[in-house]
Amino acid sequence: MATTRAPLPRFPHDFLWGVSTSAHQIEGAADERGPSVWDAFTALPGNVKDGTTAAVACDHVRRYREDVALIRDLGVGAYRFSVSWPRVLPRGSGEVSGRGLDFYDRLVDELCAAGVRPVPTLFHWDTPLAVEEAGGWLVRDTAHRFAEYAAVVADRIGDRVPKWITLNEPAEHTLLGHALGRHAPGRQLLFDALPVAHHLLLAHGLAVGALRAAGVGDIGIANSHGPTWPASDAAEDREAADFYDVLLNRLFSDPLITGRYPEVITELLGGEVPDLDADLETISRPLDWYGINFYQPTKVGAPLPGTGPTEFSGLWLPPELPFSPRPIEGRPLTAFGWPVVPEALTELLLTFRERYGDRLPPLVVTENGCSYEGLDDQDRIAYLDGHLRALHEAMAAGVDVRGYFVWSLLDNFEWAEGHGQRFGLVHVDYATQERTPKASYGWLRGELRGQGPRPPADAG
Ligand code: GBH
């Protein structure tokens, strides 16, 4: 049963509404590109919950016209997708795949013809396997390979792309991919994964330079953030929460925005980076905007004494971490088990504004969404409605937010969960590849109409 909701508050007339996806999660056509770390990772039994791979996923490479039509009919002004590095450069550098570049060229043309702004992300975790075999993000050279790739993409589609994202969630890629091994490339290095964070940030800075040199503008990044709540007022819980906050909310933003790492990170990096100051200068090249992916807040306390590994949201956390996540009680949970706490988005945005003041670039919410089953997804509508109100509240309080992107357009390959978690506004039947808009798609379309006419896509 659909509930009647008050319409959303009015957002600015030039506010950028969009939907997000990523290459590995939707494209399929895996045999038409070079292999990535995710292909290798999903080939090993036990790494993906339902044993599936993304070899076909949403078959988007073949069905992109239908998907662009869904975006156009939804009435959003922008589409955030990612470019697959191994589709463009099958071995990560050197030889360019004409066929791969042709695909993004056609996708961008199709979006422009539909009046939808293309917003590509250059890296959404699918490192070319050849780059991984040469040391991956543990080696500095990967940052240079990435900038080379950024230049190739900008050269081909830069004339039609108004807005760029370098990296998606380097925090998750470091933590899940390299510290805990839950994502590809499956390394379990704990704090020895820190150089990965630095090389990802350096790659971002070098890519900003490459994009500017190619003459394209309006560059941002998509970082995951969320408020960290201490489990109690006890000093050890607050200390643990502060440390987790550094990892999630400062490690990948302080250096970009202030040009410095938090002190504890500088200590942990030790002497491992030869010329840290020069790198920080590259990393902090000015950004036009800053993207935030928000899903949920996290409650964190001191490690629980005498326990072995703790299970947290499907993750086995080793006991030697200096913090332990705790459940947030009394909130509805998504199908993934994540608590639904819309006001945490207001809190997060206000905290960012307070922390960085005038140095904070304009913000864009580059991902927000939830996993639920079913076509009549009233719970997804409630989630999006709540978060959009929370966002509006932060804007009313003076935080400069320019856009909002729903994760995701389509149900897709949800990493270590396989195809078992559905984040789409549009349902995908993986047996037939049939797309069916869910109730949330109709709801959002209605709300966007209620927001009044938008400026045309070529307005800047
Ligand atoms: C994003 O990452 C990714 O960019 C995207 O590819 C992915 O499909 C999407 O989100 C959905 O997962 O255990 O309650 O504390 C998500 C980042 C970090 C959000 C971990 C959820 C843990 C939830 N996630 N966080 S909880």
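Here, residue 1 is simply the first one shown, and the rest follow in order.
Glycine too: its Cβ is placed from the backbone N, Cα and C atoms.
Here's what TrEMBL has on this protein:
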type     : residues                                : note
ACT_SITE : E169                                    : active site, proton donor
ACT_SITE : E367                                    : active site, nucleophile
BINDING  : Q25, H124, N168, Y295, W407, E414, W415 : substrate binding site
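Neighbour density for Y295 (substrate binding site): within 10 A of its CB lie 24 other CB atoms from the protein chains shown.
Contacts of E169 (active site, proton donor) defined by a Cβ separation under 8 A and a same-chain sequence distance of 6+ are given as W125, A222, N223, S224, N293, in order along the sequence.
In this structure, W415 (substrate binding site) is part of a helix by DSSP. Distance noted between the C-alpha atoms of W407 (substrate binding site) and E367 (active site, nucleophile) is 5 Å. Pairwise Cα distances among Q25, H124, N168, Y295, W407, E414, W415, the recorded substrate-binding residues, top out at 18 Å. Of all the Cβ atoms in the protein chains shown, 21 others lie within 10 Å of the Cβ of E414 (substrate binding site). For W415 (substrate binding site), the Cβ neighbour count at a 10 Å cut-off comes to 24, with all displayed protein chains included. Around the Cβ of N168 (substrate binding site), the same chain contributes S22, S82, T121, F123, H124, W125, A222, N293, each under 8 angstroms and 6 or more positions distant in sequence. Excluding Q25, H124, N168, Y295, W407, E414, W415 themselves, the residues of that chain whose CB lies within 8 A of the CB mean position for the substrate site are, in sequence, S22, E169, E367, S408, N412, F423. The two recorded residues Y295 (substrate binding site) and E367 (active site, nucleophile) have their Cα atoms spaced 8 Å from each other. Secondary structure from DSSP puts Q25 (substrate binding site) in a helix.
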